């Protein structure tokens, strides 16, 4: 098979399965409204959970940062790209989340890949939740360490896997709030089992940080656990982009020596770090509390109105509210019908989610109003 034949076969297989991904160029994709092809839609696909991507204070912080530092960092943090803005953000994140250190990365994907690649050796073992994010599972599969997956949120299964002999160290990997299902991991139980087997715990809290817990400190704070490795990302609750790894002093020093994604990548622009500092300030403030309270009220309103629809609806209260449809084609058709009626909703299909669980992944944000939720419910009832 030639290169072209290989590529054509892979694309054809996705088309036949109604699983071919497509991008849509938008004029505005975050916040309450999505604008595409000169049309305006209520946006129920954004991860901008607190509606901070258009916050004037954060925008101005980025502008002032660009005026002060320029538009790029100029290099890796190990060369010339680690600015006082980066240092200040790391210190503020560490203080906020109760860790000794924080290290910045250009994305959550890069952070997860870097940590697992740097920490794991062939004699070690990775034990990951089966529904962990693609960045975690890909990093684990590329690692020299064996990967074992435990059934989703099944602590008993996790304990059995950890109990089997391992010549090296064991790293348990999970998420705080799962990106496609919107449910939370039982972190306290997972940490207890992990500690019983002398393992370390790594939690990716991309969808919890900023959104839940006191001052938006996320899933681990809410469940009163402190994993050895906590990954937080800035493209969701913070409304910006990038990520950080929270850890001890010695682990941070280790990652600075061995995390290749950190060493050999240009660091995020200092102006972005300034915007993130402003975003963190909002998240920790009374305004942040108000936005989280509003989001919770919107979620309650949505769940009360969707109970009688013929979709599988999980019992969860996160900003991610998936409606399980099952069939790929039907999920695509429903998403298109909703768009035709002014609601931008994304159909998520395998391989992103397990076969037979195609869904409408609805996300609610603090930028929405109650009438937006009522309109979404009206459209869903008309197409259920």
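Each Cβ is built from the backbone N, Cα and C atoms, and glycine gets one as well.
Now, the feature entries from Swiss-Prot:
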- 21, 133, 352: substrate binding site (BINDING)
- 108, 109, 179, 207, 233: pyridoxal 5'-phosphate binding site (BINDING)
- 236: N6-(pyridoxal phosphate)lysine (MOD_RES)
Among 21, 133, 352, these being the binding-site residues, pick the one whose CA is nearest to that of residue 109 (pyridoxal 5'-phosphate binding site).
133
Cβ atoms within 10 Å, counted per site: which of 179, 233, 352 has the most, among these binding-site residues?
233
Whole-number Å value of the largest CA-CA distance among 108, 109, 179, 207, 233, listed as pyridoxal 5'-phosphate-binding
13
Residue 352 (substrate binding site) sits from residue 179 (pyridoxal 5'-phosphate binding site) (Cα to Cα, rounded, in Å) at a distance of 10
I need the CA-to-CA distance for residue 21 (substrate binding site) versus residue 233 (pyridoxal 5'-phosphate binding site), whole Å please.
24
Report the residues of the chain - excluding 108, 109, 179, 207, 233 - with C-beta within 8 Å of the mean position of the site's C-beta atoms, for the recorded pyridoxal 5'-phosphate site, in sequence order.
133, 135, 204, 206, 231, 235, 236, 243
What is the interatomic distance between the Cα atoms of residue 108 (pyridoxal 5'-phosphate binding site) and residue 133 (substrate binding site), given in whole Å?
10
